[in-house]
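Features of the protein shown, as given by TrEMBL:
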- 38-57: transmembrane segment (TRANSMEM)
- 93-109: transmembrane segment (TRANSMEM)
- 130-151: transmembrane segment (TRANSMEM)
- 157-175: transmembrane segment (TRANSMEM)
- 180-199: transmembrane segment (TRANSMEM)
- 219-239: transmembrane segment (TRANSMEM)
- 360-382: transmembrane segment (TRANSMEM)
- 388-407: transmembrane segment (TRANSMEM)
- 419-436: transmembrane segment (TRANSMEM)
- 458-477: transmembrane segment (TRANSMEM)
Amino acid sequence: MAAIKPEEISHPPMDQLQGLEYCIDSNPSWAETIALGFQHYILALGTAVMIPSFLVPVMGGSDDDKVRVVQTLLFVEGINTLVQTLFGTRLPTVIGGSFAFMVPIISIIHDPSLAMIEDPHLRFLSTMRAVQGALIVASSIQIILGFSQIWAICSRFFSPLGMVPVIALVGFGLFDRGFLVVGTCVEIGIPMLILFIAFSQYLKNFQIRQIPILERFALLISVTVIWAYAHLLTASGAYKHRPELTQRSCRTDRANLISSAPWIKIPYPLEWGAPTFDAGHAFGMMAAVLVSLVESTGAYKAASRLASATPPPAHVLSRGIGWQGIGILLNGLFGTLTGSTVSVENVGLLGSNRIGSRRVIQVSAGFMIFFSMLGKFGALFASIPFPIFAAVYCVLFGLVASVGLSFLQFTNMNSMRNLFITGVALFLGLSIPGYFREYTIRAFHGPAHTRAGWFNDFLNTIFFSSPTVALIVAVLLDNTLEYKDSAKDRGMPWWAKFRTFKGDSRNEEFYTLPFNLNRFFPPS
């Protein structure tokens, strides 16, 4: 047997991922674009329904209130997604609701001044207004950091090595929304997982009119099949005598969304009343805004690779964060009950169907706005059981995490320094939030439990987030541990050409503002 040559063993690093059918600025036919956009809309429904379904009942809200919040959240998601793809990073990213805001919001819900209100509907409205006020104030953090270019300056301390744990844990850190939720209804969750993998991977070469239908529309087809199967089980009475948790997870008629939804309802600002402002609530919410900023930074970098673009320059990244801050301000004004972040599952779908087109995401934003106003139709799609979404998350979150690991190709992983930083940041990024979650479950409060509620909310929110912990650890170690002699090992020579807008000719192709707006907002 002939000796293997070194060049046959190694794989040269690649600036852009290969094998995508459509990249960020190329588009499928309009028929495919509409179908692909609808697929992204369906995927975004999971988080948009899950967050209000958990929070609204705790606040004293009714099914009608829950439907209104879901509609409002989808409406604002559509606006934020459209704005981000036009004027922000211009990456094909859906801007959805964020679980990072759960800790400060739950703290507001349990505020004694609100919890003592006896009338449930009045308590719901009062809590909603308090959350709105906190979001409005806290949004200033991202607006200032983004539009002042402070976040661009901060990004100078990021290297490919430092970003590996952050991007990886944007995916891996969401493991509790994967098989743990699938397990609540295995009879529909596991078939969904198997079917989605089979269509998107094993049968991806099946074509109709030279279009890989099963790969491109794996999510839409598999959701339709399993949703129909779940409805058949529900209608046949398979869950009549099952435990309440099983019924809530498996049945297609337990969400009470369709019956409660109006036919037509256009969300508008301040529909819950005038927001109320409290310094403690706002300070706790600021931690969630910072977490959202970190998680979105990792997700933007993952989206750039899955859209076959170059890494977003510091100026573009900061611009996107600024517009995301505007999005959180809109969340507060409209009353969505959560803030905004990049939807990680929709980033993963870019890689699963190999379509990184910006136009597809803009069409999905149109679906969000349209169906949020047509309540009955939106509620119909929102009745899809959560385990179906969770099965898809098992694949898509893992795909985003692997994109983070792909940044290792630009670093020297034969360096003990790099191995130490990567391993410690990944481990602590999983272990510290795991400790905070377990402690909270046992003690009904976070490890930070002083008399200062705002301080507790701030620390507990920061350390609940895996990507945020990973960023703190990785960037600190990467910039203090033998950093002067390790620029090449950290991947900085490769990173440097993408740091500025004009550092690489491809940057201008991907990130230039539309309508010739760069004349008025010249890139730095």
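Note that the numbers count up from 1, one per residue, in the order the chain is shown.
Cβ coordinates are placed from backbone N, Cα and C, and glycine is handled just like the others.
Just so you know, TrEMBL annotations never went through curation; they're auto-generated.
The shown structure was predicted, so the numbers you read here are calculated from the model rather than taken from an experiment.
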Give the nonlocal contacts of the transmembrane segment (130-151) in its own chain as ranges (CB under 8 Å, at least six residues past its ends).
101, 104-105, 108, 111, 114, 272, 275-278, 281-282, 284-286, 288-290, 292-293, 297, 314-315, 317-326, 328-329, 331-333, 335, 337, 339, 524
In the same chain, who gets a Cβ under 8 Å from the transmembrane segment (388-407) while lying at least 6 residues past its ends?
17, 43, 45-46, 50, 160-161, 163-172, 174-175, 177-182, 188-190, 192-193, 196-197, 200, 219, 223, 226-227, 230, 298-299, 302, 305-306, 344-345, 347-349, 351-352, 491
Any contact, the transmembrane segment (419-436) to the transmembrane segment (458-477), with at least 3 Cβ pairs under 8 A:
yes
With a cut-off of 8 Å between Cβ atoms, can you find at least three pairs linking the transmembrane segment (219-239) to the transmembrane segment (38-57)? Only pairs 6 or more residues apart in sequence count.
yes
Surrounding residues of the transmembrane segment (157-175) on its own chain - C-beta under 8 Å, 6+ positions past either end:
294-295, 297-299, 301-302, 344, 348, 393, 397-405, 407-408, 410-411, 418, 421-422, 425-426, 429-430, 433, 465-467, 469-471, 473-475, 478-479, 489-492, 494-495
Between the stretches 93-109, 180-199, 360-382, 458-477, which wins on the count of C-beta pairs under 8 angstroms to the transmembrane segment (38-57)?
360-382
By a Cβ-Cβ criterion of under 8 Å, what residues six or more beyond either terminus of the transmembrane segment (93-109) are in contact with it?
40, 43-44, 47-48, 51, 54-55, 58-59, 73, 77, 80-81, 84-85, 115, 127, 130-131, 134-135, 177, 281, 284-285, 287-288, 291-292, 295, 299-300, 303, 324, 327, 336-343, 346-347, 361, 364-365, 446, 453, 456-457, 460-461, 464-465
For the transmembrane segment (180-199), give me same-chain residues lying six or more residues beyond its boundaries with a C-beta closer than 8 angstroms to one of its C-beta atoms, as numbers and ranges.
214-215, 218-219, 221-223, 225-226, 229-230, 233, 245-246, 249-250, 385-395
